Amino acid sequence: MKYEQLAKDIIQHVGGKENVISVVHCITRLRFKLKDEGKANTDVLKNMDGIVTVMKSGGQYQVVIGNHVPDVYKDVVEIGGFQNQAETETEDEKKYQGLFNKFIDIIASIFTPVLGVLAATGMIKGLNALFLSTGVLEEANGTYQLLHAIGDSLFYFFPIFLGYTAAKKFGATPFIGMAIGASLVYPTLVVLTEGEPLYTLFTGTIFESPVHITFLGIPVILMSYATSVIPIILAAYFASKVEARLRKIIPDVVKTFLVPFFTLLIVVPLTFIVIGPIATWAGQLLGQFTLWVYNLSPIIAGAFLGGFWQVFVIFGLHWGLIPIAINNLVVQGSDPVLAMVFAASFAQIGAVAAVWLKIKQQKVKTLSVPAFISGIFGVTEPAIYGVTLPLKRPFIISCIAAAVGGAIIGLFRSQGYIIGGLGIFGIPSFLHPADGMDAGFWGIVIAVVVAFVLGFILTYLFGLKSGNASDEQTETKAHTSTGTGEKEEISSPFNGSVITLSEIKDEAFSSGALGEGIAIEPSEGKLFSPVSGMVTALYPTHHALGITTDRGAELLIHIGLDTVQLDGKFFTAHTIQGAQVEKGDLLIEFDIKEIKAAGYAVTTPVIVTNHKQYGQLFLTDKQQVNAGDRLLELTR
């Protein structure tokens, strides 16, 4: 841990971890909620190396660190064991989220922990299918059987794995979730479905179901829950409510075993009798609906999903499609959804390859190599956030190329038959179980090649502005300083009134401890980039951001005072961390009226955090400025 000693000292002098209710951080400071602020040694903390100052505001004990606060926070949380408290704080902050965002968060939290292993077992299953279709192995071969068991294991017992992650997400005991999932795939109950039913319910309807056993005289509809998704998630949610209720009424002395005892006795039978059948029917209807939409126009569906897939990834919306894809595999035996988006990652790396070949900026060129390599294996985040999205045009072009690839996949009606690996390791996922390399498989191959080539050619021809492909010597000159009076101008990011830092009612800024600069009282809720450079920090609540200019100046712009408490309300970001921006680009919009109505000032410090690298810093003498006017001038 990089800041281990500092973290230990901070915990000690805020009164020890037992005095900490919770700790979160904003862009510059740790924000503690303490049981007793009187136990904190404020004077000691203020004089500590690595701490700028200490402040008390809004019921929080704030330890100002600086731009590296996320790293210090990580060590404080780990050493103090505050993870659960931090998670609780995050849940409180989610009160402003909409239902859709909550749904995406739930899906992501449940599936993310198992995706790595799911992809790995899928790769094994895909390679095994490839060996079978090419005649390398036969079904009766022991090697094939063992590889099949490894590859199919997680998917078959999916309810057990999801029982753990879903229970953890919903606040239940994870092992109770696993036990519920294990009950759903218990071999004896699975075998019973192969025998003669006692009778049949809902005869003649789409819900017709044979009954093989009863529970206390109540008919139990045994369904195939192997590989299923929806039943265990709903069961885990129900279990979390039951367990929470039981914990309130069962005495502590017997709580350890009686809570899971009664939870399982209540939840498992109800899952088999009610939750499981309803969830399974819902899954079947969802699968039929997805297939109906797809059949309306596979080409248009492929172009739409393929073209917007990387956009979905950026906003986390792709998590909403993954359960649908898995459900399709369970219900239909194949899935078109993940097939239609498969070419998107290859469109990305095609664009990245063109950027690497043409761009002269060494920083971006260096990023392109690892981004390309990771993209080959389906991990596109480095390509998106490090290369194509900051440059804008390559990202748009990659989406267009992915749309073409998706349309081709729709044309061939390609399907996925397993949840396989990513990138090149995902190709065997599209081998037909019976026909092997059928037309659908070759449709995937053609789409991948077309998406890559199209992304490469269009990016090479149209993807880079002339400034981004300029001579490398220009960039080198911009980053070097001989100490002979080289100047750099920082423009105003707002329209508004200029005030000095010393007038700000926040010691961390007014003292100059975080850096030298100036402050603005914005008259319009729009923040424009004051320089050309990179967004090196963007706090999740969008109230503050850091920008490093092309010439190396590090700026911190903090909209308002203590506005982190608004949890992102009234702020809208038009950029992301890692984005390359030009002077005058709109970065953030904010509602001045609503922020003030909530009781917060919008006075905004604009500071140079690495001001010590400069010999002089000149401030504007204007009292009113417009966005784009000269605000600061730095001289080395």
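Every residue gets a Cβ built from N, Cα and C, even glycine.
Feature annotation from Swiss-Prot assigns active site, tele-phosphohistidine intermediate to H558. Its Cβ taken as reference, H558 (active site, tele-phosphohistidine intermediate) is surrounded by 27 other Cβ atoms within 10 Å in the chains shown.
Residue counts of the domain 'PTS EIIB type-1' (1-86) by helix, strand and coil are 37 helix, 22 strand, 27 coil (DSSP-based). If you look up Swiss-Prot, you'll see 1-86 marked as domain 'PTS EIIB type-1'.
According to Swiss-Prot, the feature domain 'PTS EIIC type-1' maps to 105-476.
Swiss-Prot lists 104-124 (among others) with the feature transmembrane segment, giving sequence analysis as the kind of evidence.
Counting same-chain residues at least six beyond the ends of the transmembrane segment (146-166), those with a Cβ under 8 angstroms from any Cβ of the stretch are 109-111, 113-114, 117-118, 121-128, 131, 137, 174-175, 177-182, 184-185, 225-229, 231-233, 235-237, 326, 418-419. Positions annotated as transmembrane segment by Swiss-Prot: 146-166 (among others).
Per Swiss-Prot, transmembrane segment is recorded for 172-192 (among others).
Annotation source Swiss-Prot lists transmembrane segment at 215-235 (among others), citing sequence analysis.
Annotation comment: Swiss-Prot describes 258-278 (among others) as transmembrane segment, evidence class sequence analysis.
Annotation comment: Swiss-Prot describes 299-319 (among others) as transmembrane segment, evidence class sequence analysis.
Under the heading transmembrane segment, Swiss-Prot lists 337-357 (among others), citing sequence analysis as support. Beyond its flanks by at least six residues, the transmembrane segment (337-357) meets 290, 294, 301-302, 305-306, 309-310, 321-322, 324-325, 328, 364-365, 368-369, 371-372, 375-376, 378, 380, 383-384, 387-388, 391, 394-395, 397-399, 401-402, 405-406, 408-410, 414-416, 419, 422-423, 426, 430, 440, 444, 447-460, 463-464 of its own chain at Cβ-Cβ distances under 8 Å.
Nonlocal intrachain contacts for the transmembrane segment (369-389), taken as residues 6+ away from its ends with a CB within less than 8 angstroms of a stretch CB, comprise 310, 313-314, 344-346, 348-349, 351-353, 355-356, 395, 398, 421-426, 576-579. Here Swiss-Prot flags 369-389 (among others) as transmembrane segment, drawing on sequence analysis.
According to Swiss-Prot, the transmembrane segment annotation covers 407-427 (among others).
What Swiss-Prot records for 444-464 (among others) is transmembrane segment, and it gives sequence analysis as the kind of evidence.
Below 8 angstroms of C-beta separation, residues 306, 339, 342-344, 346-351, 353-355, 357-359, 391, 393-394, 397-398, 400-402, 404-406, 408-409, 412, 414, 427, 430 of the same chain, each at least six residues beyond the ends of the transmembrane segment (444-464), sit close to that stretch.
Remote same-chain partners of the transmembrane segment (258-278), defined as residues 6 or more beyond its termini with a Cβ less than 8 Å from a stretch Cβ, comprise 172-173, 175-176, 179-180, 183-184, 209, 215, 218-223, 225, 231, 234-235, 238-239, 242-243, 246-247, 250. Distant neighbours of the transmembrane segment (172-192): 156-166, 212-213, 222, 224-226, 228, 231-232, 235-236, 239-240, 243-244, 259-260, 263-264, 267-268, 271-272, 276; these residues of the same chain sit at least 6 beyond its ends, with a Cβ under 8 Å from one of its Cβ atoms. Confidence over the domain 'PTS EIIC type-1' (105-476), given as mean pLDDT on the 0 to 100 scale, stands at 86.
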